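See structure below.
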Amino acid sequence: MPQPPPNAYKAGTRLTVGSHKVSIIKYISEGGFAHVYTCTIDPPFQGSTVACLKRVVVPSKWQLSLLRQEVDAMRRLRGNKHIVSYIDSHASRLGDSNTSGTNHSQQQQYEVFLLMEYCENNGLIDFMNTRLVNKLTEKEIIDIMYQVTIGVAMCHHLRPPLIHRDIKIENVLIDGKGVFKLCDFGSSVNYLPPPRNPQELQLMKDDLMQHTTPQYRAPEMIDLSKGFPIDDKSDIWALGIFLYKLCYYTTPFERPNQSSLQELEHTILNCSETLRFSDQPGSIFSPRLKNAIKVCLRADPRRRPNAVQLLGEIAAMKGEKTIPNVVPYSVIEQQRTKQASALEEDTKKGQASFVETKKITSKPKTDPFANIDKSKFLNKSGYKLSSVTAESRTVPARPLSAFFDDGNTPRIYSQGNRSTPSVQDYVKEELAKGESYEFNEPDGTLEFLKSREEEKLNQRNDTGGSFKAAFKNGLRKISTGGNISANNTGSSVKSNRRASLKRIITGGSNHNRKHSEENTKNVEDSNPVSSAPKKLSIQHRMQQLLNQNDHQRVQKSAQGYGKYTDIKASEDIDEINKPTLSKHSQKKLSPPAVPVNLSSQRNKSQQSSSTTKKYPIKDSKPLSKVRNNPPKDSVKTKPPPPKPKKPVYLKSPTKLEIADQRRLSDASEISMPDLDDLEKQFSKRFPSYV
């Protein structure tokens, strides 16, 4: 038993550590600034009144923070079987008169008491010293390694993980029941990333030299320039050294002829070549156990196993079928607390949302659409409404707005037409019958739609169309979702088909220009509110530019193109402050002009175009984006170069000749060529192929 130092506590000294009253029994050992004692505590811990007291005199605040890390680590690992249990702690300032040692510092010193579980059977190193002749058997080694690996795995499963950094034989204790426990967390840290600059590299090197044991250091701790972090794989390396020493009572890289630390570090860095197993009689172990040592002592930390993988291999060697739980007790309690709090919050939110939903989603007492009887107009067309108590049918996996029931099977709306098929079919039947109905039901849906359509027809100045035609147009607009641009003028079905064909080909209207001008005037008279200037189409403006003479030619400029760049800052502010929503002026509707080659008056226009070379503009206003300034005298416009004459054999017949050849009858405005006409044209254009 070592002799106590002069400043050590004597037996019977009474102290208070946290909430425990302590009485010193005897002095055990010392290390660094720490003294270790056995003591009695009140109240007892886990039925035992004997505990271990660690007294540390800290010379600076920086070392005080390191000691606090040890206390916090033991507190987080409290309640685990293979780690020395934390009981209580206390810290206080220390005066110069109470300092330990011979050196008195002018800095403020601190005194820290750490109360821990007492292990009666001392440490593992003491147990191995009793077995110097009869060394540990492989079964005993596997059992010790199994328990220590569980303690290391628990450190690595904390949140955040805890790196011990000083795993060795001397830091394993044995309690009264023969359980091996990991202790001394004074060197433990969290994950340490690789250094980023020379200053960080030097600080990390000094820290490792102070808080680690040279024989147990990993290669990444010696050569920091490799850029590997200090993480759990460094503890795995130390476990490999620990296992080797259990087997051979020495570390694998110690040599009798080593005289310096640099030689030891050089041997560790070349571990792939210097690792050897000194098998002797009485210390011959299985290849599986040697392989476990080899994988832990790999130079590349990325190729080493983690604590759980190593524990699984040791458990398999021990004969265990399952791996024990290595999640620390504190983490389990933290998860339970979070789950309980989350469940409580969800319950409160659920109750609050239930109350709000109950207030918001309260159903109205009356249905606003209950008074609409759709059977009145559906029965007229032969349709029967399906009963409300019909059998439930399978609905396709689509949104409710994407399908409908036709009475038999669910069907999907087509993307091109959004109307319901029942309305479409009804419209088709009504159009096929060609009969008009009188709806006297004031609450019917079609009566409401008909009244809305009549209002629109009155605004568009109906010119003689029948009620039947207006009703058809209204139903067509409902079923297709489109808009009918032209008013019905009472023409026959044949003329309507011809007009629709012309409108498809030309993209215009089925009225001539005169009639369109009259309709435009009617629209202007019926809509006196719109006062916006008439907007000319692109074709109309191009025609005006072509028809203008030299006197009316407008000077070309770039005005209007810089409207976003030539403005001042005040204009920018006004533009930004300008409200985005504005009332849209009502546009004046006018059908586009019919092309000359499809118009009934194209012969007259061609004759007039052949006699006149210039096209004067009739009372046309200049364009809004072009300046109305006379051209300068200095600018002389050059006439375009003469166009070369086309050879006779490449000339194609004119549009007039083609129209005359393709016309089949005088009554039809649009006619298609037959096969004989096409053959004649082909023989004329390509005589060599006939």
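In case you wondered, yes, glycine gets a Cβ from its N, Cα and C as well.
What Swiss-Prot records for 22-317 is domain 'Protein kinase', and it gives sequence analysis as the kind of evidence.
Residues or ranges marked as ATP binding site in Swiss-Prot (evidence: sequence analysis): Ile28, Ser29, Glu30, Gly31, Gly32, Phe33, Ala34, His35, Val36, Lys54. All chains included, 10 other C-beta atoms sit within 10 angstroms of the C-beta of Gly32 (ATP binding site). Under the three-state DSSP scheme, Gly32 (ATP binding site) falls in the coil class.
Listed in sequence order, Asp184, Gly186, Ser187, Ser188, His211, Thr212, Thr213, Tyr216, Ala238 are the same-chain residues six or more apart from Asp166 (active site, proton acceptor) with CB atoms under 8 A from its CB. Per Swiss-Prot, the feature active site, proton acceptor maps to Asp166.
According to Swiss-Prot, the region 'Disordered' annotation covers 478-537 (among others).
The annotation compositional bias 'Polar residues' is assigned in Swiss-Prot to 480-494.
The annotation compositional bias 'Basic and acidic residues' is assigned in Swiss-Prot to 515-524 (among others).
Residues or ranges marked as region 'Disordered' by Swiss-Prot: 579-690 (among others).
Look at Swiss-Prot and you will find 599-614 tagged as compositional bias 'Low complexity'.
Here Swiss-Prot flags 657-666 (among others) as compositional bias 'Basic and acidic residues'.
Taken residue by residue with DSSP, Asp166 (active site, proton acceptor) is part of neither helix nor strand, so it is coil. For Ala34 (ATP binding site), applying a Cβ distance below 8 Å and a minimum sequence separation of six or more within one chain yields Lys54, Arg55, Val56.
Sequence-distant neighbours of Ile28 (ATP binding site) (same chain, 6+ apart, CB under 8 A from its CB) are Val36, Tyr37, Thr38, Cys52. Cβ proximity to the ATP site centre (mean Cβ of Ile28, Ser29, Glu30, Gly31, Gly32, Phe33, Ala34, His35, Val36, Lys54, cutoff 8 Å) flags the following additional same-chain residues: Arg55, Val56. In sequence order, Pro2, Pro5, Ala8, Val36 are the residues of the chain that are 6 or more apart from Glu30 (ATP binding site) and have a CB within less than 8 Å of its CB.
Neighbour count (other Cβ atoms within 10 Å of the Cβ, all protein chains): 17 for Val36 (ATP binding site).
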